[in-house]
Amino acid sequence: MMTHWPSPAKLNLFLYITGQRADGYHTLQTLFQFLDYGDTLHIEPRHDGEIHLLTPVNGVENEDNLIVRAARLLMKVASESGRLPAGSGADISIEKRLPMGGGLGGGSSNAATVLVALNHLWQCGLSIDELATLGLTLGADVPVFVRGHAAFAEGVGEILTPVNPPEKWYLVAPPGVSLPTPVIFKDPQLPRNTPKRSIDTLLKCEFSNDCEVIARKRFREVDAALSWLLEYAPSRLTGTGACVFAEFDTESCARQVLEQAPEWLNAFVAKGVNLSPLHRELL
């Protein structure tokens with residue numbers, strides 16, 4: 001029985017803000033691709049109906065952690081529909097590699113891995129569509145991790161179309177700051193009316209991120225990291241930050257630049273993949 005579950009990072013290869021709804025949420029167009037790099041969740045089934053998170057996060061109550069919330073949500077929905085075997089529970093721990101507030105999707109990926117893994121381990125039998133719907137109640141980025149394929153996203157990120165962008169190599173640089181998403185979306189200078197374009201058009205254009213100008217303005221660490229990367233390769237912000245990345249055609253090129261990275265830049269090299277490492281393990 002599989003007890004080690006990948007919880008991969010994602011990159012937003014581009015991100016455009018196309019509007020703002022009456023409820024305050026921003027509409028967007030973005031391209032998600034996974035990395036062959038991320039956290040690992042260790043999940044051992046229990047038979048007493050309890051959920052235990054063995055690796056708590058400082059400053060976050062276990063019951064508020066997305067990992068526990070995802071487990072309890074699946075437990076509730078499966079139980080209410082008569083698909084939860086009696087006594088289903090789990091001990092969950094995490095090997096954390098992804099920074100919090102980094103724009104790599106760490107928390108959303110963790111939640112998705114819990115939904116997919118426990119659905120498998122508990123043999124609940126929920127479909128991917130059902131799991132993705134549950135995931136959306138936990139966060140806008142959770143469904144793409146549940147579905148496990150690179151995707152073009154619209155709406156608030158919930159309308160997903162599978163795509164297959166080139167699987168390049170990336171040097172990813174966490175600048176050492178956590179960048180709260182509301183800081184970006186509340187900034188009055190954030191571009192909010194980028195014209196909507198078709199997938200085909202966007203894939204042919206040079207990629208960019210509407211949030212980047214705000215992140216660079218508000219956080220000097222982001223600006224410094226991106227300025228350094230841009231000396232070597234096309235580079236952008238992922239999500240709302242704070243991580244930035246540079247793209248390369250080969251692993252060796254990416255690693256040559258990594259060797260020159262300043263000590264304050266805690267960078268790593270990873271490959272972009274269109275099939276999530278989580279779903280690859282399930283094949």
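Here the Cβ of each residue, glycine as well, is placed from N, Cα and C on the backbone.
Per Swiss-Prot, these features apply:
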type	residues	note
ACT_SITE	Lys10	active site
BINDING	Pro99, Met100, Gly101, Gly102, Gly103, Leu104, Gly105, Gly106, Gly107, Ser108, Ser109	ATP binding site
ACT_SITE	Asp141	active site
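Feature annotations (Swiss-Prot) mapped to structure.
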residue: Lys10; record: active site; DSSP (3 states): strand
residue: Pro99; record: ATP binding site; DSSP (3 states): coil
residue: Gly105; record: ATP binding site; DSSP (3 states): coil
residue: Asp141; record: active site; DSSP (3 states): coil
Other CB atoms, at most 10 A from the CB of Pro99 (ATP binding site): 19
Euclidean distance between Cα atoms of Asp141 (active site) and Gly103 (ATP binding site), Å: 11
Chain-internal residues near Asp141 (active site), provided their CB is under 8 angstroms and they sit 6+ positions away: Lys10, Phe32, Gly105, Ser108, Gly157
CB-centroid shell, 8 A cutoff, ATP site Pro99, Met100, Gly101, Gly102, Gly103, Leu104, Gly105, Gly106, Gly107, Ser108, Ser109, site residues removed: Ala9, Leu98, Gly239
The one of Gly101, Gly103, Gly105, Gly107 whose CB sees the fewest other CB atoms within 10 Å, among these binding-site residues: Gly101
Recorded positions compared (Lys10, Ser109) - the one with the fewest other Cβ atoms within 10 Å: Lys10
